[in-house]
Amino acid sequence: INLPVIRQYVDYLVNEQNVKNVFVNGTTGEGLSLSTQERKQLAEEWMCQGKDKLDHVIIHVGALNLPECQELARHAAAIGAGGIAVIAPFFFKPTNKDELVAFLQKVASEAPEVPFYYYHIPPLTGVKIRVEELLDGIKAQIPSFQGVKFSDTDLLDLAQCINKNKTGEFEFLYGVDEQLLSALAVGANGAVGSTYNYLGRQTNLMLQAFAKPDFALAQQYQFLTGEFLNFVIKLGFGVAQTKAVMTFVSGIPMGPPRLPLVHASSEFIAKAKAKLDSIVWPNGN
């Protein structure tokens, strides 16, 4: 891990992309490929460099085993994290709501003062317990429960969650970047995603257009983001390729991924850069 680059990374996100909230040690950050010590070091560095610059630092503390999750949760609380998030364990999987909530509760109870988010990402975990079901009675079992990072394309499930959330006590942060506008339309109130590293400014403009509301302008931004993602997905687009895109857009060396992921090819980088450079955004950039 390259700790010295994080200061430059924070400044880039804030000054160039107008992004002031970060989600550390998640999927794009390869959190599950890092050791516990590496995850702690990264969390500490983001907290340190983000002080007085970032509004919120949410640290993902999910792992395949409960003791590691609990250790990372205690550490996140100790360094002052603004929130913690946990994926469902995905080797020995919870098979129903009660098993999943029991696991999450054991993690959240180690950091009872820190807002807690469930990180719902069934395409990677294979845990397809519906969030709508999960929410029933969850506040009684996890008092610090704040919301969900919802990284799934099931907008019916998301809409039912938001429909249940009439008092607005929970936050639903959407995680499928190419469908963000659809999620906003059903009531998502935030987003966590990899493209915001390098398209954060454009996405913020889309959020502003949606809030006005200027749906036609918001659509333009979403369609152009989708045009780029549709292009690179056909080439093969994953975490390694995201690092490559972020490197050529920001000029900050994001480094190689960790095995079993491998470097993006030079051919991918050339084609992705040409495609991104060809897009004309509504703001003229």
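For all residues, glycine too, the Cβ spot is worked out from N, Cα and C.
Copied from TrEMBL, the annotated features are:
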- Tyr119: active site, proton donor/acceptor (ACT_SITE)
- Lys149: active site, schiff-base intermediate with substrate (ACT_SITE)
- Thr28, Val192: pyruvate binding site (BINDING)
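Positions of the features from TrEMBL, shown on the structure.
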residue : record                                               : Cβ within 10 Å
Thr28   : pyruvate binding site                                : 19
Tyr119  : active site, proton donor/acceptor                   : 26
Lys149  : active site, schiff-base intermediate with substrate : 27
Val192  : pyruvate binding site                                : 23
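It is 14 Å from the Cα atom of Thr28 (pyruvate binding site) to that of the residue listed as 'active site, schiff-base intermediate with substrate'.
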